[in-house]
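Working notes for the structure below.
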Amino acid sequence: MFLVLVVTEELREFLARARNGTGRLIQVLIRDEQLVLGAYREPRHSWDKDYDPVLLPLLDPLEPCYILYRLDSKNAQGYEWLFISWSPDQSPVRQKMLYAATRATVKKEFGGGHVKDEMFGTVEEDICLQGYLRHITSCSAPAPLTVAEQELQRIKITEVKAEISVDPKHQTLQGLAFPLQAEAKRALKQLAERRINYIQLKLDTEKETIDLVHTSPTDIRDLPCRIPLDTPRYHFFLYKHSHEGDYLESVVFIYSMPGYSCSIKERMLYSSCKSRLLDEVERDFHLEVAKKLEIDSGEELTEEYLYDEVHPKQHAHKQAFAKPRGPAGKRGNKRLIKGGGENGGNS
């Protein structure tokens with residue numbers, strides 16, 4: 001799923017004027033897939049005295065936003081700013097994804113050289129004045145990161161701060177984490193203990209959870225029939241087989257997405273939740289996933305296909321600078337080459 005968001009001319013011109021430091025705070029919102037000006041505040045006191053009274057009233061518990069907050073310090077380009085991504089837990093998933101993916105666009109439009117610090121928050125405590133001071137401390141010392149700072153770090157690492165921009169450059173959204181429901185957790189534990197050999201999971205897009213569909217015993221020949229034709233699914237399959245004389249039980253993860261018969265929302269959510277689900281499965285349930293597959297149809301899941309994916313054929317390495325052997329039987333008689341003397345003296 002690719003998205004392109006447009007920066008309105010009003011916002012672009014306002015950001016250009018604001019860089020000279022006349023304002024204290026700028027709020028940016030997404031409306032109708034456009035980046036628009038939400039609110040603007042002038043400075044009244046020093047940056048720290050203005051901070052909570054000016055910033056906190058703009059935090060909607062149900063809607064994300066970006067906030068550019070002007071500090072009183074300067075660098076070579078002018079006043080330094082704090083860039084805040086506000087994404088409350090109760091806001092809709094689609095909004096969270098849009099704001100997460102458009103972060104880099106807003107920063108680029110404003111001018112990254114003016115931004116001194118960045119923060120990510122889901123509750124007021126994350127980005128209030130005390131939260132910012134904690135953030136500064138954590139950046140200057142090897143102290144444990146807060147949950148919000150870990151989330152910001154993860155966003156940077158996974159490149160969700162993507163080029164969804166005016167240019168237009170595109171990037172997929174990734175990295176949401178829906179919680180596993182109790183039955184799904186129980187099934188994963190049973191798979192880790194080898195008490196079952198198949199799990200099918202689905203996303204509940206309304207409740208924003210990962211739910212168990214079933215754990216029916218499944219052989220390789222049954223596997224294609226487990227892939228729905230009209231909806232995405234996550235599958236974990238215990239692939240029992242022999243390889244080079246050894247009996248193996250390899251966990252294979254299958255993400256099935258049946259073409260474009262699914263809604264855009266489903267495609268976005270399943271794609272975005274996949275990596276975080278796998279991280280949790282490997283970390284919390286100690287399930288080592290031997291192979292991760294993405295398919296659009298169960299027809300692909302043959303025994304030969306699974307074997308080749310889990311054990312890809314290794315290409316023989318060519319010996320460096322090896323001289324080719326001559327044709328067999330055409331080498332002629334061997335010759336003895338002696339030195340300058342009959343007794344082997346040096347020539």
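Including glycine, each Cβ sits where the backbone N, Cα and C put it.
As the structure is a computational prediction, the values presented were derived from the model and not from experiment.
Summarising the annotation, Swiss-Prot assigns domain 'ADF-H 1' to 3-137. For 175-311, the entry in Swiss-Prot reads domain 'ADF-H 2'. Per Swiss-Prot, the feature region 'Disordered' maps to 314-347. Feature annotation from Swiss-Prot assigns compositional bias 'Gly residues' to 338-347.
Looking just at the domain 'ADF-H 2' (175-311), the mean pLDDT is 91. Shown for the domain 'ADF-H 1' (3-137): DSSP residue counts in helix, strand and coil, namely 56 helix, 44 strand, 35 coil.
Counted with DSSP, the domain 'ADF-H 2' (175-311) comes out as 50 helix, 43 strand, 44 coil.
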